[in-house]
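This report refers to the structure that appears directly beneath it.
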Amino acid sequence: MLLSPSLLLLLLLGAPRGCAEGVAAALTPERLLEWQDKGIFVIQSESLKKCIQAGKSVLTLENCKQANKHMLWKWVSNHGLFNIGGSGCLGLNFSAPEQPLSLYECDSTLVSLRWRCNRKMITGPLQYSVQVAHDNTVVASRKYIHKWISYGSGGGDICEYLHKDLHTIKGNTHGMPCMFPFQYNHQWHHECTREGREDDLLWCATTSRYERDEKWGFCPDPTSAEVGCDTIWEKDLNSHICYQFNLLSSLSWSEAHSSCQMQGGTLLSITDETEENFIREHMSSKTVEVWMGLNQLDEHAGWQWSDGTPLNYLNWSPEVNFEPFVEDHCGTFSSFMPSAWRSRDCESTLPYICKKYLNHIDHEIVEKDAWKYYATHCEPGWNPYNRNCYKLQKEEKTWHEALRSCQADNSALIDITSLAEVEFLVTLLGDENASETWIGLSSNKIPVSFEWSNDSSVIFTNWHTLEPHIFPNRSQLCVSAEQSEGHWKVKNCEERLFYICKKAGHVLSDAESGCQEGWERHGGFCYKIDTVLRSFDQASSGYYCPPALVTITNRFEQAFITSLISSVVKMKDSYFWIALQDQNDTGEYTWKPVGQKPEPVQYTHWNTHQPRYSGGCVAMRGRHPLGRWEVKHCRHFKAMSLCKQPVENQEKAEYEERWPFHPCYLDWESEPGLASCFKVFHSEKVLMKRTWREAEAFCEEFGAHLASFAHIEEENFVNELLHSKFNWTEERQFWIGFNKRNPLNAGSWEWSDRTPVVSSFLDNTYFGEDARNCAVYKANKTLLPLHCGSKREWICKIPRDVKPKIPFWYQYDVPWLFYQDAEYLFHTFASEWLNFEFVCSWLHSDLLTIHSAHEQEFIHSKIKALSKYGASWWIGLQEERANDEFRWRDGTPVIYQNWDTGRERTVNNQSQRCGFISSITGLWGSEECSVSMPSICKRKKVWLIEKKKDTPKQHGTCPKGWLYFNYKCLLLNIPKDPSSWKNWTHAQHFCAEEGGTLVAIESEVEQAFITMNLFGQTTSVWIGLQNDDYETWLNGKPVVYSNWSPFDIINIPSHNTTEVQKHIPLCALLSSNPNFHFTGKWYFEDCGKEGYGFVCEKMQDTSGHGVNTSDMYPMPNTLEYGNRTYKIINANMTWYAAIKTCLMHKAQLVSITDQYHQSFLTVVLNRLGYAHWIGLFTTDNGLNFDWSDGTKSSFTFWKDEESSLLGDCVFADSNGRWHSTACESFLQGAICHVPPETRQSEHPELCSETSIPWIKFKSNCYSFSTVLDSMSFEAAHEFCKKEGSNLLTIKDEAENAFLLEELFAFGSSVQMVWLNAQFDGNNETIKWFDGTPTDQSNWGIRKPDTDYFKPHHCVALRIPEGLWQLSPCQEKKGFICKMEADIHTAEALPEKGPSHSIIPLAVVLTLIVIVAICTLSFCIYKHNGGFFRRLAGFRNPYYPATNFSTVYLEENILISDLEKSDQ
């Protein structure tokens, strides 16, 4: 009897040991496939053929055939490796990294739990990799390389099972991804679970411990695709379509797209006005903008639905911009607007709607019939194709004239129903030398709905880039098709174009297809499937598949073959060999030659993460995604075969070889034998770095594209080109055209210029990086995936025979060559040395100076290529006086020389001599300056690499109470009594009386000094700037340094009332309140507003010739700040040595988690004057960073965008800014700290359950499920009362910060929510409804006049700015309910430590007792679940009732049956 997969999982993973010991069982191939489908695998040593087994304290290698649950592994969140049997994660202990590896709690902060797989190696942080010791224990080491494979997969890579984020649905975390593993009910779950739910729905936690954080959501359930619409979908009974409204989620477009796909659905597509009205009615009470599947992420096509639905109905907002440079390439639907469709940046985070058909007729069925060959007969002058006849009319007419002309000929304007018909149209237009034609598609409706003129259904669309472009205020729109790709464009119907008529033809018998029996025809070829499984060598021999395996030349032929193999696919894992191979392991895939000349690769159609490696052969996939290509082992793998031969009596096409002799135009570069030219656009030559799409558009302005590599030789040239321009130590990154943005491309990487992908460019390290859809190139032949919205330099590519366009904004310059921060101009004509000195000076440059061997090599390589007959070139060396030493003419010192020592210098006192460089040897010599030679000019970068030296200042003294900093005195004034806090005018008056002004902050270090002194304060401080002249400080100095908040209030378009906005002087504050502005940031506020501190400055007193004590006394090695202890280590050391040195001092390498401590360390580092190591590091080339002490924090302080990409370990420079570099680099010091102790929660209360979900903060519970509901103030107040709660009140800054953090996840979907405030007529003040005063308030520019509050205005919170605003009470807004949490007396459970930690005996005995009790309890639970539930003290996931007709049940948190029974 066969066991089900779920029962197999139970048997292998085993019940708890108290009930039944997990039995060892042989892993058959069938069982292994079942585990691998779940992402579970066994790790086998490739060389030793043994498998890793997790023991109680160490990992060992054991016989794979005696496999058990302790050999089962799974990739989990944050690049963790989870052991199923040991229920722990593989960890690396920094304090003893080369001890045997062990399992740890999966949220342990004591070790590193992050691992990467790359080229069959498992690598951890600091270049440690998983190795095997002599005693078969598994260790981490940096000395050797050990390769690991997945047991039972034929040498497969464990990277094939990398974890992919699973974004939750509904729940209470706004669509955050599941955290695997997560702990619930004292067990670690590595996948979604149904445990604790009566409705049997899958759920997961989004943090590592559910009981602690209560953050959760439902899992996308792939099985729901088989059962139709379950309880988290809503069904439209008229259309039999299901919709899932994820209105409380906040995901990027690609994340939302993935979430829908995981459930067997797609992002919303809207096919007609009826469907749009259904969606609008369902969201009528919401003011929300949601993602739908509309996108233009295919670089070669226009707008499309992500589910492939034809796009013929549109309801664009008039605001939509169709310009090519606009980054908004994903579509949204707004329920509150009549023209509801907009375009947004795809990286924005929004709610989304999924859609799933119950009885959808797959378009592939229609496509399959469209590719079937039908021999057709037509009248003379008409072109036959698959049952129809077509005629191109070469007389230009308007669309309506063309329509009438076809009708007069008993035909109709052409309708296009499939990609097969597009192929015919492209061929017909090409044969007739026509570039564009009318087709029968048009619209005369608002909203736009395109229809065919013959009334046939629109089942296929093929829009051109940026189309369909809807013209405003024009009801009649007509459509044309262009020749190159057959794409469609919206046109003015009055334009005059050629047109094609179409009518039915006469179908002939199949015998006239021209193919042998059993073969199918497409174009000029016949195709057949050999269904016998063979190796590639057998299939490609020409015997079984005469004359050869199939070669595929374009997307039309691929679509035909996909339809062909769909008819024979019977098995789950069927594959078909094609002729593509790399059997010689060259690194480049080519078509296996038949005869002498190989066929060029013109098209590829890879599956996700393919080609996975070099040296393989290619098979086409027979299951979803159907038709995609994958690399397989040429000899061991067996597949069916796809055969191809020309139609009988048809000549085989000859491929013309084009030899690219045309030179590159302007300053584009190439080398002999390459068909394209390249140009590097680096930051020294352009105004700004750009996103991937901006860079592609930039290249397109020249008629080019981002660079692609058609052959390995092109990649080698680009690599050398970068090496020739930049220092090899620079970690520069350049956008190239490699991307996987197109959602219809199955996650496959492609080139933006449609160059076929012929090599395995990306390491399998990045297979799990789904969100990074664009690639950069580094000068070490490395491609790295990044977010497409990142800004980088870029490389463009253009064919040799295409002359680049010159954009209007392009400033042409003579072709200077860039090399390492300077540019060089090579003058090939000969002249005297003095003439060239003048020419170079006129070009704002100097005659060439050479200061290094690298520069010498660069110059020699260039002049050697440019010179004829071994010419010598003038350089900037001149003998200033006869027989004197040679000096550089620009005055720089001669620090490098390359004289020809074998050449005698001629002594001639009568004439001056100048230096030259030989193009043959590269050696220097001297000659009379009047001799004519070619020469080189050199110009340096315009910016200086170091600051100008100021005149030394004298240290002085400051009055008592003032702080000395940087030659001036500062006074920080924040009285303890809030009633003494000042407005800006009073603060400036106070400073003036003290002989100073409000502070002028002149540098980042001074900013840090002030910020560090604000630690513990809760109010912001006035500084010396006003909005009427924010470029000049109050003391008259220009603003050379600024630190404005991104939410600076001066940029906010509207405030409380129109009157408030008029004539309000604004003054600058430095924030010490992170609730509304980032710590230390500047923002404007009403100058007259009281309630702030201030900072004064005045000049130091130098009359006493004071001495700065910081110059006299060294910085102490131990420093205290903000409840932390820091230790400064002064020694040359690597990052690894810094880790060990800190441990020796009973500390750890520092982690920095907020701006206050960062500011303190900035001041310290500036005082020390050199860089220090900090505890940040990366194991994945800068994609993720971790703190070595296990601290989790989102705070960063990078120098710039690229500073995080220059190495694996991080240091802070003398200005406190962070840079990454190689971990083996030596720095002069490191900063250690003693990590603060973590406390248990001070608020153990829990939230009661009603019909809406709650999130706990401190001793209160909040429901955010109503923020998208639009209700009046009174209706919202009544709703909360019915739930036993009240409308939102905000009592302190911590609560305010919590609320803004939670609301931030809603993005732009929520603008305002009601606050539970009222007007007290007795004393004319605003109070909370419970009677307490509104001590915590934030009215923005000015508190409103209470006259406006009587009697029809209420208070709302503006989410984007965190400001309060008066609004009419009858307006409809979202709201938040709030109530006090219930008292919960259960004690917190202790955390589990590492499995090999040394534990005191008493604790060990206690744990043994606990384990025994838990084991016994589990057995009792299996036999008597009711008894166990009565004993339970933990929280189970439970819904009071499963009913999703209301949004309020979207986020019910998980409660226990025990609590339910008490309600």
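Each Cβ is built from the backbone N, Cα and C atoms, and glycine gets one as well.
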Swiss-Prot annotation, disulfide partner among Cys774, Cys840 for Cys788: Cys774
Selected residue, Swiss-Prot feature N-linked glycosylation site, from candidates Asn315, Asn454, Asn473, Asn1043: Asn454
From Cys929, Cys937, partner that Swiss-Prot gives for the disulfide involving Cys914: Cys929
DSSP-assigned states of the domain 'C-type lectin 7' (1121-1232) in counts, ordered helix, strand, coil: 29 helix, 36 strand, 47 coil
Position of peak Cβ density within 10 Å, selected from the glycosylation sites Asn93, Asn454, Asn1123: Asn93
Those disulfide-bonded residues listed as Cys354, Cys699, and which of them has the most Cβ atoms within 10 Å of its own Cβ: Cys354
Cβ neighbour count (within 10 Å, all chains shown) around Cys634 (disulfide bond): 19
Reported mean pLDDT - the topological domain 'Cytoplasmic' (1419-1463): 34
Per DSSP, three-state class assigned to Cys937 (disulfide bond): strand
Shortest C-alpha distance to Cys1087 (disulfide bond) - which of the recorded positions Cys178, Asn454, Cys478, Cys840, Cys937: Cys178
Packing count at Cys260 (disulfide bond) (other Cβ atoms within 10 Å of its Cβ): 26
Structural state of Cys840 (disulfide bond), classified by DSSP into three states: helix
Residue among disulfide-bonded residues Cys219, Cys330, Cys478, Cys493, Cys617 with least C-beta crowding, 10 angstrom cut-off: Cys493
The one of Cys204, Cys788, Cys1087, Cys1209 whose CB sees the fewest other CB atoms within 10 Å, among these disulfide-bonded residues: Cys1087
Densest Cβ neighbourhood among Cys51, Cys64 (disulfide-bonded residues), 10 Å radius: Cys51
Cα-nearest neighbour of Cys64 (disulfide bond) within the listed disulfide-bonded residues, Cys204, Cys260, Cys346: Cys204
